[in-house]
Structures are given as C-alpha cells and as structure tokens.
Amino acid sequence: MTEQTQRGLAGIILAGGRSRRMGQDKAALEWDGRPMLNVIADAIGTRCDPVLVAAPASSQAYAELGAESPLRWITDEQVGTGPLGGIVAALTAAKEAGAAAAFVCATDMPLVDADLVDELLRALTSSPDVVIAHEGGRDHPLAGIYRVRALPVFEALVEQGELLMTNALDAVLTHRVGVSDPRWLTNIDAPEDLHRLRAGA
Ligand SMILES: Nc1nc2c(ncn2[C@@H]2O[C@H](COP(=O)(O)OP(=O)(O)OP(=O)(O)O)[C@@H](O)[C@H]2O)c(=O)[nH]1
C-alpha cells in the first residue's frame, strides 16, 4: 500500500467481454510498451488497494495475462453477465478484503489517472451509493466509485438477468459529477480509436 492509497478503497478493472469491435483482446493491447491492463493498474494502484481484475475464467484476457500477472483476478460467477456481472464479482471480493467502496474502470481506458479517483472520491459524500463521471452529456458508469453497500441491489439485478448499467445506476442513489480532464475517460473500442489516440489526436 502506498502512502496515498485511500483507506478502504479497492480498485476494479473490468477485463471481460468479447472485444468484437477491436478484434483482439483489449487488456493485452500495447500502451507505452506494456499491456494496457498493467498501465491502468499502476495508475489506480497509487490510490486503490487491492486492485482487482474482473474477467470470466474463460476470457482471452485471463488466458493472455492472468497466469503471469501479479494482479488479483476475480472471475465472473456467470459468463455473459457483462460489466455488471464483473462489478458484482469484484465488489464481493473487495468487501471480503475489507473495502467499503471500489473505484471501477474499464481495461480500455489507458488515460485513466489517479486524479480522476481523487475527484470522484471528493464527491462521495455520505449519501450516494455510487458516484460516476458525467461528461459530454453522457454518463460514464465505468468511471465511478461504487460503495459495497449497493452490492445486494446489483446482485439481485444480475440474478434477474437485468444487466443494463443504466438500470443498475437507477436502482441505487447515483451522483453524477463533471471531471476536470475528460481525456481520462477516453476509451478504445476499435482499432481506429487506438490509432487516433496513439497519434495524439
Ligand atoms: N468482467 C467482465 N467485464 C466485461 C464483460 N463485458 C465487458 N466487460 C468489460 O467492460 C468494459 C466495456 O466493455 P465493452 O467495450 O462495452 O464491451 P466489449 O465486450 O469489451 O467489446 P465489444 O465486443 O466490442 O462490445 C471493458 O473493459 C470490458 O473488458 C463481462 O462479461 N465481464
């Protein structure tokens, strides 16, 4: 744990999914000479402890990076339950590790920064269950802090097969905040996104 790590705050990097638009696993994509997953883990690891990676055991991310990774991998209970299924599995592990909340992000956000974690944390007053970034007129559910106390609600939704993040956020008290650098939220879905970002556009 570093000096700046926030007590009780875990980190969750979602690394499952099919990467259909990218055509290859996004966690292993090279960014600054390293797999994108590791770059993100280092960035948030200055604030979050433990950092957990959520992916199905059958995922390409786990096959490519899991065995040799020093990170803690948490497998989705059910394959095909999407980001919400990953959040439930990893938030359960975060709770068991003694965390009260977790910063959640996607493995396709290479510009994610510890300052983003700090800004969301400042907005996490006692009332909200979840604080997410809201930029460009839209919600960014995979750039947020999720309290462990919201877990039963999310578990029930996954159980019912209700997997939409928008519905999950509506089911708890969600606070939305603007962030000072929207680039932190940049995500890579397809090869052209990666080329654009590498070119600095
Ligand atoms: N643990 C877990 N993570 C997931 C799952 N589905 C998507 N994710 C992650 O959630 C984030 C957003 O995923 P998307 O980009 O919407 O979906 P994707 O499946 O990765 O990509 P597409 O096939 O192109 O839609 C990424 O970090 C994914 O790795 C899942 O079933 N389990």
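Every residue number used here counts from 1 along the chain in the order it is shown.
Note: Cβ is positioned from N, Cα and C throughout, glycine not excepted.
Because TrEMBL annotations are produced automatically, they should be read as predictions rather than curated entries.
Neighbour list (LEU14 (GTP binding site), Cβ cut-off 8 Å, at least 6 residues apart, same chain): ALA54, ALA55, PRO83, GLY86, ILE87, ALA90, VAL104, CYS105, ALA106, THR107, LEU142. Per TrEMBL, GTP binding site is recorded for LEU14, ALA15, GLY16, LYS26, ASP76, ASP108.
With a cut-off of 8 Å between CB atoms and residues at least 6 apart in sequence, the same chain places MET22, LYS26, LEU29, MET36, ASN187, ILE188, ASP189 near ASP108 (GTP binding site), listed in sequence order. In the three-state DSSP scheme, ASP108 (GTP binding site) falls into the coil class. Per TrEMBL, the feature Mg(2+) binding site maps to ASP108.
Per TrEMBL, domain 'MobA-like NTP transferase' is recorded for 11-161.
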- request: Quick one: give me the count of other CB atoms within 10 A of the CB of ASP76 (GTP binding site).
  value: 25
